[in-house]
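Participant: Have a look at this one before I ask anything.
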């Protein structure tokens, strides 16, 4: 069973990646652009993933369908 | 750090500089600066009209050259290699024009002659037909008279009477007539007028000429009719001639005898042939001449445009005829002053003199222009922001963050792996063939997409990511990981899935796909996601105020605006976000309370503060926390409303009490003295240039400040609610996109799969349906839906995010730049 800790854990990984990218971006005129882009992308993707994951963590409803056929 | 390298975070620091340019290097200096493209000249003679400026004669000559080039361009389509000196060019252009004009004139003349001859030929041919026909009819009329039919029309009577004198002759047509041509559109009017003027005493016949006549000058096609009118008596004939001429018809003299007509026809044909020959030769020479001009045309146009720009700029400088120096003022990025000085030295070398232009920095209170250094990647994103408004000088530029947030918000609405991949591929193709496409030139619509290629590539990439999250590829799903649900085997009817104890680790569980209640689940999920993303995006935008306030040293705004704003936002909508996440993380099947509806919770937080139904409470002590949050939000309103005006008022009182009334004005005056000290002798020329208009200091007006603050507060508080709701468009659009792509799939390909028939018919049906599905996927789902998602992402950035921090009160830096000049030229 997944848990809230997974979300925290992935969050820490993303933060670590972000920190690493902060120091890894080469100096130059695109440094600010690269840093902000990488950090924002990480944040956006992490948020989206976390929301999707959390929404399915403790589902309140169960998928239901009425078009299943018998297996042969 | 930001000062080491230019970045998009803030606009470039600008300096106002002054240039002293000796007359002999003026042209070359401006040329070099234009090549560098880093200097925005200010108009130092705003009061002088365009005609009185010193370099107007040169400009006029250039205008003449430009006109000649336009003339040539309109006559040729060709490309160009290199270019020579300008003065030669002018002479060359003049000669070319003369020759071309001569040729054009004789071309026109010959063309006119030719069409006249053509017309005559047609008239001869057609009238021959009329004569024959009339001859034939002559006998018919006779027979009709013999029948004693009194109802014969007037016209034929006229013809009949007209023929009387010549009845004995075989031809029977010594009756007088007028023949000619007239435009087809005028024919009915012509006929009616003649009828009225002659009271029906005429016999008229006409026929259409099938081939159109082409006007040699305008190239317009006109259709004409040949007409022949028989009438009796010189008076009537004169009338007919007059009418025909006034209606723009052309008359030709035709002989009634057949031999003479045949002779005339032959003669006309011979002359036509001659004229054709001459015209053909003429066309050849004209083509040679034009191709000669075409060789140099593009380069000449560039040169003329450049020279024009140089002289226009020279006109902006203030000119001292006595000392032959020009004084210019303008904005440059402080970082590039060295580069500009190098350019000045280069100009001196090209001009071959030893006196360079001198550059000196001025201190000023004027607001410098906003200059963001963009590259081909960031250009598109910055345009998105600039179309909302140009940033105030040195303000935090949201363009930097738009690079990611824009494609991301787009992708939330567009999420589909397949559609994202298509967009990504298209943009990648454009990027890879960038140079080729740039050279080839594009039409307007493709050009727009091409300009946004780097936006589209990220939009596509993020759409693929969100597609994975929504588990959606062309409305189908992927089963990559262990699903959280399992369908019980061997059961039919209404079936509920059983949990397997897993949570799908990446994206939406594929077993939701196709289930009856999938929409209920995805709606709740996407709605909550929109709110969370929206609140975080807006909070981020509010936080961007802080670097602005720090940079402009308006610390008051931090605690009078930023802090209450962020508190207000988070005590209501931030709380909602926290509750959403908290509710998700609780396993409600193990809980003693039922899961609360969060929307109702938020509504009752306002309606009945402090009371929470214990059966549906989210956590213990919820009522108290909500009251506290509500109080914080309530306190924030007067905080935003009153603190800033009050503090400003107090500061103003302090300044007045200390007697520093006109502080700003004095400082300005002091600057002026110090700068004009360097140019003591040059009072009229330079002094005028240095005397900068004082920025009008607004007097302290309490009323204005209060009104502004009231509007600002109301806008923010109401905006918080409406803007959060506005982010629900993320949910609505992504839902619409997913549903549309599913409907498209079921309506086309699925039908083909379920089709029962023989194999060939099935295959054909499948191919057709696939083609239809794919075209509609491209046209509707990728292009149309993409555009709509683009617009909504645009709105979220402009209204919801920019509205929170972006002042956008600047004006763009528009340097003299030849490179952009060429680009404009190409368009």
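Note: Cβ is positioned from N, Cα and C throughout, glycine not excepted.
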Participant: Scan B:688-707, B:708-727, B:728-747 against TrEMBL and say which stretch is down as transmembrane segment.
Facilitator: B:728-747
Participant: Ranges B:655-680, B:759-784: which does TrEMBL label transmembrane segment?
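Facilitator: Among B:655-680, B:759-784, the range TrEMBL annotates as transmembrane segment is B:759-784.
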Participant: Taking contact to mean 3 or more CB pairs closer than 8 A (sequence separation of 6 or more), are the transmembrane segment (B:728-747) and the transmembrane segment (B:408-431) in contact?
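Facilitator: Contact confirmed: at least 3 Cβ pairs fall under 8 Å.
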Participant: Please indicate, using numbers and ranges, the residues of the same chain that are 6 or more beyond the transmembrane segment (B:759-784) and have a C-beta under 8 Å from a C-beta there.
Facilitator: 416, 418-419, 422-423, 474, 737, 740-741, 744-745, 748-749, 751-753
Participant: Mean pLDDT across the coiled coil (B:86-120), rounded to an integer, is what?
Facilitator: 79
